[in-house]
Each structure stands twice: as C-alpha cells, then as structure tokens.
Amino acid sequence: MNEKLSPQEGSSETQSHSARATLGRQGSTASSGLFLGQGSCEFAGRSLAGECGVSLASVLVGSDGPGTDHHQEASPVFFFFGKVDKNQDGVIDVREAVRMLNALLKEISSPEDNISTLSSGHWLSVASSYDRAFVAEIVGLFDEDGDGVLHLGEFAALLLSVHAKSLGQAALLAMSMKHRDGDDRATANFSDIFTAGFPSAHGKRTYKNPSSRTTPGRLSRHEVKLAIRSVLQQQYAEAEHEVAEHLERLERVERANGPSVATDEARRRRIQELFTFRALSEKGFDARISRGDKDGDELYDLLELIGVLESELHHLGASWMFAYFDRDGDGRLSMAEARTIAEEATVWTVSDDRGRAVSTGIGLPAVGEKSRYYRTDPDTQWSVKPDDICTLCWILDANKDQFVTFDEFSFFVHNEDIVALGLRAMLKRDRDVVQF
C-alpha cells in the first residue's frame, strides 16, 4: 500500500479540541462560554440564571426543548416570523420589534439576576417613543432596503445575530443597559453597573463618562471600554481561581509524597502561565476597540459591539493557549515549543491510493519523513536539530527567524482552516523534503 499523509481539514473547533483539552479549560478558548460561563450567563460581574440562550433557542430555532412546537422545525425562522408579525402584514415593524426584543431581554434577565432593578416590569415599551427610537436604530442595521420594516430575510439576520450565540445576547443586554441609563424609570446607570468592583489605582470608582443619551442604540468608545474591561476582570478572576486550585492540588501531592523537582516545576509553570496570560490579554487592547468602530464615528452600534466582543474572545483564547505553550515564559515560542503545538493540536489522516482513510490520529504522525520539515537556506544556520523542526512549525514562523511570536501564533489560531489547507498542500507532495 502506498501511504500518503495529509492533515484532515476539519473545522477549527475540531482541530483545536486537543489543545483546549490539554489546557484544562474545556471549551473556553473557542466558544462564547469564555465570556458568559459554561453553566450560566455572566455579564458585567452579574450571574444570569440559566444557560445562555438554551431555553430561548428551544423556542426560537425549533430545537427540542420544553414547550417546543414541532410544527416549527421545518422552517423555524418563518414560524417565529409569523409569531412576531401580529397584524400578519408580512413585515415586522418597529412596534412588533419592540415586543420581540422586550420578550428576549426579559428572558435573559430574570428576577434572579438582580438586573431587574433597571426595569419597572418592562425593558422596552411600545408606548415609549424613547424605546421605539432605540429599537428603530437596531432594526435599521438589518433593514437593507431602508423601508423601515423587516422582511423575512432581514428579520432572519436580526434573529441569528442575537440568538445564534450568546455574544449577541450579551451585546444586546449591554446596549439595553445603556439605553435604560437615559430613562427616568432606571434605578441604576450603565457606568455604575460596569464599574462596580472595578476600582481605579487610587481606590475610587472609575470615572463615569457622561452618557451619549442623544444617540439611541449606540455606545461610546468609553462605554465599550468599560464593558470589555469588566469582561477582562472576570477572566482574570477565573484564571487566578483555576491556578489557585491547581497549586492547592500540588501542595496536597507534596504533603503526601514530599517535595520534588517535578512539583516545583509544575508550580512555576502555572504561575508563569498566569502572568503571561495577563500580559498578553492587554496587548493591543485599544487597537481592537478602534478596529471595531467600522464607520469611525466613535460610537458603536449592536453589530460593532458584537464584533468587538468576538475580537476580544479570540484574543483571550489565543493569549491563554500561547501562555500554555510558552514553557519558559520568554514571550515567544522556540521551535521545540512550537513542535509541542503540532504534537497536541494536529489532526492527521493516512490514506491509500484511492483516497480512503486507513489511519487517523492526533499529534505528529510516525509515518515516513513527512512528519518533519527540512529547510535548506545558505543564509540561515539552524541552531536546532532537524528532528525538532516540523512543517507546522515552519508555517507558524512567518518571518523564519526560528521563533514564533504571539502575533504569528494568533494568526494561526484565527485562521486554522487556511493553515490546514496550506499544510495539506505541502505534505501531499511526492517528496519527503519540502524545499522552498
């Protein structure tokens, strides 16, 4: 049998599963659970009862769940469109959108969340011109033909933006908190919520920027920063708690078996990992906020806020993974450290001449010399053994300086499918030494 080796072009979620499991933060590096928790929603330091979007999704997208009407399964968006379209005119106007978003906000902010103090029974009211202006701003983001109403396709885009993932719900919730900040019915304001428990260097609450109440459905740059800082503080607390638990386990082992070099090294690595994560998570913070402002008006609409949250999620995931692989804590990955990524995160398949998979696995395959990469360059003298240099390492090291920086690693994490295709093309060649 003529064996051919090629990485499997699985989804990014599949390819990164091994590394995430290794990190011990299951699902936290590439899912919305990074912000909102795995068992419950957490936003602005407040715990939201129930799992994010689970009960709502069962009603809105036709999945099996309590109270699910199985007649909607054939066309869930169309089914829900009919439910929201009260006057059955074939479009969703602003008043109908107000009712829909009000129901959604009540769903994701139950009385147990302690967010209900922002509302006197309703987040949004059809009778309030202030609320209608807020919803009209959101509707306008999806109203492609500019007729002031949502047709089925436009409605589906809105529905998927706020229901398909908990990030959309988090952004909508933040927008609505800001909206209520300018309402006489509100008993708490946006800045108070997002600066609670987040003192400044002088021990006082962070400066409260005047709210841009004249712009409904938008957050100022300062308000977006407050929201993201709240998320970062939550992540720092979770990371510190996780490391503290790990150190306690090491202490129990040490008490039972006595001191050892291995225990000391494990302790040092986890502490170093935490410091590296915190340093990297702050890297490029202002730049990510600025990139989220697509129209450059210093205000962030719902879609721009979702984009900022997604960018922060990706950055935090990449930061934590990089901190794990950076064993010596020098802020860059050597070729040996980069090879660890290949060993823990590569999915491979061995196929026969007909393209049928005869063997699959995770890590560097032990089939032929194609598990390694050799590069001949008269201007470059390798300081490591050829066996320590793999094809994936070469791809990660974009500038070929024998080290992988965080920016190079971050590109790989955010473009795994593209990298997998390039790696496959390289390894499908009929020679073991890939020459460039």
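Using N, Cα and C of the backbone, Cβ positions are placed for all residues, glycine too.
Caution: TrEMBL annotation is automatic and unverified by curators.
Range with TrEMBL annotation coiled coil, chosen from 89-116, 173-200, 229-256, is 229-256.
Per DSSP, the secondary structure of the domain 'EF-hand' (321-348) breaks down as 16 helix, 4 strand, 8 coil.
Helix, strand and coil residue tallies for the domain 'EF-hand' (72-107), in that order: 24 helix, 1 strand, 11 coil [DSSP]. The residues of the domain 'EF-hand' (130-165), classed with DSSP into helix (H, G, I), strand (E, B) and coil, number 25 helix, 1 strand, 10 coil.
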